[in-house]
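To start, the structure under review is shown below, and the notes come after it.
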Amino acid sequence: MGRAAPGPDEGAEGERPSISATALARMERNRRRALALRQARLAARPYPQAAAGAGPPQGRDTGGGFFLEEEEEEEEQRRAAERIVHPPAPVLQFDYLICGDCGKEFMDSYLMQHFDWATCDNCRDAEDKHKLITRTEAKEEYLLKDCDLDKREPVLRFIVKKNPHNPRWGDMKLYLKLQVIKRALEVWGNEESLQEAKEQRRDSREKMKQKRFDKKVKELRRAVRSSLWKKTASIHEHEYGPEENVDEETYKKTCTVCGHELTYEKM
């Protein structure tokens, strides 16, 4: 007799079909291969992907079947620029200055730079001809006013230096003496008028000085006279001489020191 087919309860309770060892080995190989591929991708790209919009570096199609990277393109441009031959620049004609003393040409100098005075450095005489004077000396010696130095065109140029006598004082303004003399002649017309004005001012100063001196002497004499009078009046005692009979009952005595007369009656 044949064996009867198992019922539903018997099928559920029976054992499930087992996986073969070959299938398990294949699954393990696939898992390891997937891990190896993942690690390879991470090793090739260790940093996170850049933000959107930052694509790979752009290249230039050379038309020869390959792209030229940016660095290679810059190097090629540099080499091309080195191969360019520029024509020589034309020779420039400079506007040379003519020294007013020696007549030679020069490019620049101390007096030209600071005072716009055409004299080269070789001819500069800082101790005599091209001497610098202070603003006070320019006003007193050449009778110039502030407007003559600061407002009259062209305005005189100057340099500023520390006061050598005391650094705490204000800075000095130094002018070129030649330019100050030229400005004084423009103001006064000629040298004779300047000398006359200087003599008049000198005489006026002498008169004012003498007047102040006389006033002080007068005040001193008055003070001395007043002190002597007070001293004499405070300590003088009359020394009368013999009395004289002026009238029947009137007599007088005279001080032998100051001449004071004392008149009195005697009964």
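Cβ atoms are placed via backbone N, Cα and C, with glycine included.
It is 99-123, from the ranges 99-123, 174-198, that Swiss-Prot records as zinc finger. If you look at the zinc finger (99-123), the same-chain residues 6 or more away from its ends with a CB under 8 A from one of its CBs are 130, 157, 159, 176, 178-179.
Ranked by Cβ neighbours within 10 A across all protein chains shown, the binding-site residues Cys102, Cys120 are led by Cys120. Counting other Cβ atoms within 10 Å of each Cβ, the binding-site residues Cys99, Cys123 show the lowest value at Cys123.
Secondary structure at Cys123 (Zn(2+) binding site), as computed by DSSP, is coil. Residue counts for the motif 'Nuclear localization signal' (25-46) under DSSP, helix first, then strand, then coil, are 20 helix, 0 strand, 2 coil.
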